[in-house]
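**Student:** What TrEMBL shows for this protein is this:
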- 55-82: coiled coil (COILED)
- 1-12: compositional bias 'Polar residues' (COMPBIAS)
- 1-52: region 'Disordered' (REGION)
- 161-196: repeat 'PPR' (REPEAT)
- 197-231: repeat 'PPR' (REPEAT)
- 267-301: repeat 'PPR' (REPEAT)
- 337-371: repeat 'PPR' (REPEAT)
Amino acid sequence: MAAGASLSTTTPGVPLFPPPISARRTASTRVQVSPRPDPEPSSSPTALTVVDERTRRIARELDELKRREAKERKELRDSKVASQKAVSVILWREATKAVIDKNGRKKKGPINSKKLLPRTVLEALHERVAALRWESALKVFAFDKVQSLLSDMANHGIKPNTVTYNTLIDAYGKARKFSEMESILVEMLADRDCQPDAWTMNSTLRAFGNIGQIETMEKCYEKFQTAGIQPNVQTFNILLDSYGKAEEYKKMSAVMEYMQRYHYSWTIVTFNIMIDAFGKAGDLKQMEYLFRLMRSERIKPSCVTLCSLVRAYAHAGKPEKIGGVLRFVENSDVLLDTVFFNCLVDAYGRLRCLAEMKGVLEMMKQSGCKPDIITYRTMIKAYSFNGMDSHAKEIRELLPTVTRPSLKRDKPDF
């Protein structure tokens with residue numbers, strides 16, 4: 001800012017940059033040695049005093065000139081270095097923004113420029129990890145350069161804190177880089193200023209639960225509890241989801257009972273996990289009980305809930321139950337999306353209810369949802385499987401009019 005202020009207050013007509021030092025030295029020398037009449041030699045005391053005074057004055061002027069030239073050289077050198085650093089920071093920042101593409105980032109309070117770049121990368125990584133946007137996360141962050149990033153943070157005076165370690169642990173866990181995850185966890189435990197918390201526990205449990213290592217997940221849960229870290233609703237959602245994927249339904253029920261006994265309120269994520277798990281297991285009675293309980297708790301079902309119901313009824317061969325779901329939709333204010341209708345098309349196709357499948361297109365039109373390439377390909381597959389080639393050809397001709405879905409609704413994070 002100082003450099004910018006000095007440039008903005010420059011007097012008009014005065015050049016922004018001074019002439020080369022050598023040129024100025026030559027000019028001043030010419031002024032001092034310009035031809036003049038030689039003084040007549042005098043041996044009087046007054047003449048000697050005048051000569052000595054003149055010599056001292058010239059020496060002072062030369063010293064002052066050298067001092068100013070040295071100062072100007074230093075300022076010029078510092079200005080060049082500062083400009084190079086500024087350009088480097090700008091280029092680095094723009095490159096970071098181009099990779100991260102983090103539009104509309106809101107941040108309260110002043111931004112510390114020294115902490116901007118490493119922190120920006122970690123924030124972007126954390127957002128994409130939390131949203132399960134893995135391709136985007138890998139573009140933002142090179143996992144093999146973690147130590148380089150931590151060193152860079154140290155050079156900027158930024159000490160890793162619990163959030164930093166949690167972000168890295170979560171990223172490594174979801175990327176299934178378990179040795180690196182364990183290494184970061186050990187490093188975190190060795191730092192007295194960074195204590196593990198519920199987020200640390202949840203990230204670790206999720207990492208092992210997602211790959212079916214239930215025993216390891218349970219051991220980690222016990223160790224975290226022994227360390228005094230209390231679980232939260234997200235912790236139990238992770239346990240429920242892991243047990244559901246592993247088809248450990250008794251353990252799922254035990255977690256459900258524990259949550260109720262100790263007053264952990266079930267969330268929409270909790271209900272969606274359990275409804276989906278029991279639906280895939282073919283336990284329609286338990287699934288329907290949970291759906292009724294969800295409504296009695298005044299928790300509004302989402303499209304994720306409805307998709308789980310439709311898929312379960314399709315696999316059970318109960319098209320009439322799907323009709324019940326649609327009647328519920330008509331009497332509710334659930335906002336439907338293309339993903340739900342695609343699920344409905346697939347269900348009717350599996351049940352060979354081709355007339356109902358075709359009717360989904362009209363339902364989509366009434367709801368303001370446009371079919372995508374998944375909608376049409378599912379219908380083509382159903383028609384072709386049932387020997388209705390003319391219908392398949394008719395739908396196939398519509399494929400060029402649609403594009404691939406740009407958005408994918410992932411399973412909610414816990």
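Residue 1 is the first one shown; counting continues down the chain.
In case you wondered, yes, glycine gets a Cβ from its N, Cα and C as well.
From a predicted model like this one, the values you see are computed outputs, not experimental measurements.
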**Student:** How about long-range neighbours of the repeat 'PPR' (197-231): same chain, 6 or more residues beyond its ends, C-beta under 8 Å?
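**Tutor:** Cβ under 8 Å, 6 or more out: 162, 165-166, 169-170, 172-174, 176, 178, 181, 185, 188, 238-239, 241-243, 245-246, 248, 414.
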**Student:** Could you count the residues of the repeat 'PPR' (197-231) that DSSP puts in helix, in strand and in coil?
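**Tutor:** Here the numbers are 26 helix, 0 strand, 9 coil.
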**Student:** Across the repeat 'PPR' (337-371), what are the DSSP residue counts per state (helix, strand, coil)?
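**Tutor:** Each residue of the repeat 'PPR' (337-371) counted once, the result is 27 helix, 0 strand, 8 coil.
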